[in-house]
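Feature annotations, courtesy of Swiss-Prot:
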BINDING   LYS20, SER93, MET94, GLY95  substrate binding site
ACT_SITE  HIS52  active site, proton acceptor
Amino acid sequence: MAADLGQIPDVDIDSDGVFKYVLIRVHLAEPSGDPAKECKEIVRGYKWAEYHADIYDKVSGELQRNGYDCECLGGGRISHQSQDRKIHVYGYSMGYGRAQHSVSTEKIKAKYPDYEVTWADDGY
């Protein structure tokens, strides 16, 4: 059976660079196949990903093996400058559309409280 949703980190992003990210909604898998009411959104962004789907496929596969269901809410890009303590969220995913960057930014701010975290809908 799946563990508590609270054990899944809200944010996991690479420490430096510009890279793609996705916003994913995670919920417990119900035996009936219907999504559970309890859910949370998580942010995942990595330099190794050529496509947004690469991130979603890897993360959702891991979560599904642990008893969760996932849906991708959209994507974009993250510019992470750890030396300057700045993170900027922007752009969109050709495959998944634009993530709600305001939601992603709030999650990132909680993990990086001493950073300047901004977002914009411009760019690709």
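From the backbone N, Cα and C atoms, a Cβ is placed for every residue, glycine too.
Distribution of Swiss-Prot features across the structure.
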| residue | record | DSSP (3 states) |
| --- | --- | --- |
| LYS20 | substrate binding site | strand |
| HIS52 | active site, proton acceptor | helix |
| SER93 | substrate binding site | strand |
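In this structure, the C-alpha atom of HIS52 (active site, proton acceptor) lies 6 angstrom from that of LYS20 (substrate binding site). Binding-site extent for substrate: residues LYS20, SER93, MET94, GLY95, maximum pairwise Cα distance 12 Å (rounded to the nearest whole number).
Report note: the substrate site is defined by LYS20, SER93, MET94, GLY95, and the residues of the same chain whose CB lies within 8 Å of the CB centroid of those residues, excluding them, are TYR51, HIS52, ALA53, GLY75, TYR92, TYR96. Under 8 Å, Cβ to Cβ, and six or more positions away along its own chain, LYS20 (substrate binding site) finds GLY45, TYR46, ALA49, TYR51, HIS52, ILE55, GLY75, GLY76, ARG77, ILE78, SER93. Annotation for MET94 (substrate binding site): same-chain Cβ neighbours under 8 Å, separated by at least 6 residues, are HIS52.
Fewest other C-beta atoms within 10 angstroms, among the recorded positions HIS52, SER93, GLY95, are seen around GLY95.
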